[in-house]
Structures are given as C-alpha cells and as structure tokens.
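Structure first, then comments.
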Amino acid sequence: MRAMENLTQVNNTQCISFRPKNASDLYYITIFNGSGCYAPVGSWGTYNGVRPVSLMHGTYSTCMVSGIIQHELTHVLGFYHEQSRPDRDSYVSIQWANIDP
C-alpha cells in the first residue's frame, strides 16, 4: 500500500516513528478511503485518541501521491499549512498588482 511506503519513508528520514497499532495504544492514526485527502489538526482529545486520515483511492484521486500522503501525515503530527502561521507576513508578501480581480 502506498501509504505504508510513505510511513516507512518518514520513519527513515525523520525523528519520529510510525508503527502498527498495539492493543494497548490509546492514541493512534487510522488511514481510510474517504471522500478526499484530509487529516484534522488539533487536539487528540477531540477524536478520542484516534486521528483519522482520509486518502481516497481511485482512478481520479491524487491522494495516493507521495507528497499528498506526507502532507496529511504532517497534519496528524500537528502541523498547519505554512500560510496559516502567525508569522507568515514576515515571510510572505502578496503581489496585489499581479492579481486579476
């Protein structure tokens, strides 16, 4: 499964480790074939310890692309989109003159 390959890649290159769930684990992620590519960011308590990750399978889905899988896994780890960072205005400037209304 493509998602497992990406979990292995993250394990090999980062300071975190994904592994299969044990019966005693209170906090874990579950990857399912949902209606798109998404994973919530926030408190584990909101989901009773389970972090759902939707990776829609199918001919027209882009969810199973390595970058998308890793993107959703970073949400599970607590990362928001870069453009949502509170300090984003120090690093991003919008070129309003280049935008067509």
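Each Cβ is built from the backbone N, Cα and C atoms, and glycine gets one as well.
In TrEMBL, annotation is done automatically, which means it is predicted and not curated.
Annotation source TrEMBL lists active site at Glu72. Around the Cβ of Glu72 (active site), a 10 Å sphere holds 21 further Cβ atoms from the protein chains shown.
Close to His71 (Zn(2+) binding site) in the fold, though at least 6 residues off in sequence, lie Cys37, each with a CB less than 8 Å from its CB. Among the features that TrEMBL reports, Zn(2+) binding site is placed at His71, His75, His81.
Annotation comment: TrEMBL describes 1-101 as domain 'Peptidase M12A'.
Among the binding-site residues His75, His81, the residue whose Cβ has the fewest other Cβ atoms within 10 Å is His81.
Within 8 Å of the Cβ centroid of the Zn(2+) site, not counting the listed residues His71, His75, His81, the chain contributes Ala39, Val41, Glu72, Thr74, Phe79, Tyr80. Across the structure, His81 (Zn(2+) binding site) and Glu72 (active site) are spaced 10 Å apart at their Cα atoms.
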